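A.B. asks: Got these off Swiss-Prot a minute ago, pasting:
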- Asp313: active site, proton acceptor (ACT_SITE)
- Lys22, Ser23, Arg27, Ser169, Ser170, Gln171, Ser197, Asp313, Asn336, Lys340: 3-phosphoshikimate binding site (BINDING)
- Lys22, Gly96, Arg124, Gln171, Arg344, Arg386, Lys411: phosphoenolpyruvate binding site (BINDING)
Amino acid sequence: MESLTLQPIARVDGAINLPGSKSVSNRALLLAALACGKTALTNLLDSDDVRHMLNALSALGINYTLSADRTRCDITGNGGALRAPGALELFLGNAGTAMRPLAAALCLGQNEIVLTGEPRMKERPIGHLVDSLRQGGANIDYLEQENYPPLRLRGGFTGGDIEVDGSVSSQFLTALLMTAPLAPKDTIIRVKGELVSKPYIDITLNLMKTFGVEIANHHYQQFVVKGGQQYHSPGRYLVEGDASSASYFLAAGAIKGGTVKVTGIGRKSMQGDIRFADVLEKMGATITWGDDFIACTRGELHAIDMDMNHIPDAAMTIATTALFAKGTTTLRNIYNWRVKETDRLFAMATELRKVGAEVEEGHDYIRITPPAKLQHADIGTYNDHRMAMCFSLVALSDTPVTILDPKCTAKTFPDYFEQLARMSTPA
């Protein structure tokens, strides 16, 4: 297996313009495909997940052109539900941001479509979404294991009264919200259980509004969506930088700045993961906010004990930042780490122990006490982009770190290690 050894880094300094947000890119692509008119998307993320969405849209007859660097996409909308040219199978890799929204959107009208993906995708639960779509009339079959992809979709979704479980993934609610306006009937969506990753719902509502559709949101417990609507292209749309990707650079600034400035997100950003900067501030770093930048300057870091439900992806970065903080850090209410690209709670606990940390892994929390000195280890990445990027921070010590399968960062940030090296002064 390919590996990359990062030598100790003395200082991290400088600015980085972030690649586009994965969450925003794939939502914007789907809405542009469903909309009336042409949309020019700029700062689109070029990554595996986005390529899977683009390939699916192409197979569904959507016309688009990409710039040479794949960060601008001019897409001609379908002016309504997507139509398959006949029976179709779409392979979506391990892209949850493609699988969940497409599973809902392709239940409009009369298609026959199979959605499948990599082996890990077949372990990522989708039963709560399927249950909700069936309540709205959708015909869906599981082709292998009950509650998991691959799925066969045969249309039939008309709207109506729907319940959705919000406790596993906010993407199920996102998928229903984006699909419901195109259903023939009005839809009332009731959320049961605690809604995880609520800020991601704000991204969805924000984008729907940009494409001309507003819905009634009653305290994130009930959403009322008028049926028979259309999405309308905003013409041009700039995808903001990926706030989860920003977390690694901001953390590096907190640990070994200098000052690190990330551009493409800021106080006006719609992504909840910008709140990651507040956590670094609580730990002792200095944060400066602009409309389209966040800067982090080094401070003496101390441990925290926090509920991380609102920023589950960026919270992973705090787990490795904790290696540089004084005391024991506890991250709580993060059960949904277990249903991501890998079981991230298990993976994080396992790899933190390899570098010498004392770790307690609970059902929905992790407790981390750093060692006096970090140990050089080969870090397994579990085909999970965030594991690779999180553990790169270990090199901000006097110990090297070896990352196995470093190219797995292609899911959201193909040139991550090059960018980190550009801003680093070797020890």
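We count from 1, first residue shown onward.
Cβ atoms are placed via backbone N, Cα and C, with glycine included.
Would you situate these features in the structure and describe their surroundings?
C.D. replies: Secondary structure at Asp313 (active site, proton acceptor), taken from DSSP and collapsed to helix, strand or coil, is helix. Residues within less than 8 Å, Cβ to Cβ, of Asp313 (active site, proton acceptor) and separated from it by at least 6 positions along the same chain comprise Ser244, Ser247, Asp273, Lys340, Arg386.
When Cβ atoms from all protein chains are considered, those within 10 Å of Arg27 (3-phosphoshikimate binding site) total 25, not counting its own. Arg27 (3-phosphoshikimate binding site) falls within a helix when secondary structure is assigned with DSSP.
With a 10 A radius on its CB, Arg124 (phosphoenolpyruvate binding site) counts 21 other CB atoms from all the protein chains.
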A.B. asks: Near Asn336 (3-phosphoshikimate binding site), how many other Cβ atoms are within 10 Å of its Cβ?
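C.D. replies: There are 19 of them.
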A.B. asks: For 3-phosphoshikimate, with binders Lys22, Ser23, Arg27, Ser169, Ser170, Gln171, Ser197, Asp313, Asn336, Lys340, what's the maximum Cα separation in whole Å?
C.D. replies: 21
A.B. asks: Can you count the other CB atoms that lie within 10 A of the CB of Ser197 (3-phosphoshikimate binding site)?
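C.D. replies: Total other Cβ atoms inside 10 Å, all chains included: 23.
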A.B. asks: Within the chain of Gln171 (phosphoenolpyruvate binding site), which residues six or more apart in sequence place their C-beta under 8 angstroms from its C-beta?
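C.D. replies: Within the chain, Gln171 (phosphoenolpyruvate binding site) has Cβ neighbours under 8 Å at Gly96, Thr97, Arg100, Pro101, Leu129, Tyr200.
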A.B. asks: Under 8 Å between C-beta atoms and at least six apart in sequence, can you list the same-chain neighbours of Lys22 (3-phosphoshikimate binding site), or say none if there are none?
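C.D. replies: In sequence order, the residues whose Cβ lies under 8 Å from that of Lys22 (3-phosphoshikimate binding site) (at least 6 apart) are Leu45, Ser47, Asp49, Val50, Thr97, Asp242, Ser244, Lys411, Thr412.
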A.B. asks: If you measure from the C-alpha of Arg344 (phosphoenolpyruvate binding site), which of the binding-site residues Arg27, Ser170, Ser197, Asn336 fall inside 10 Å?
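C.D. replies: So the list reads Asn336.
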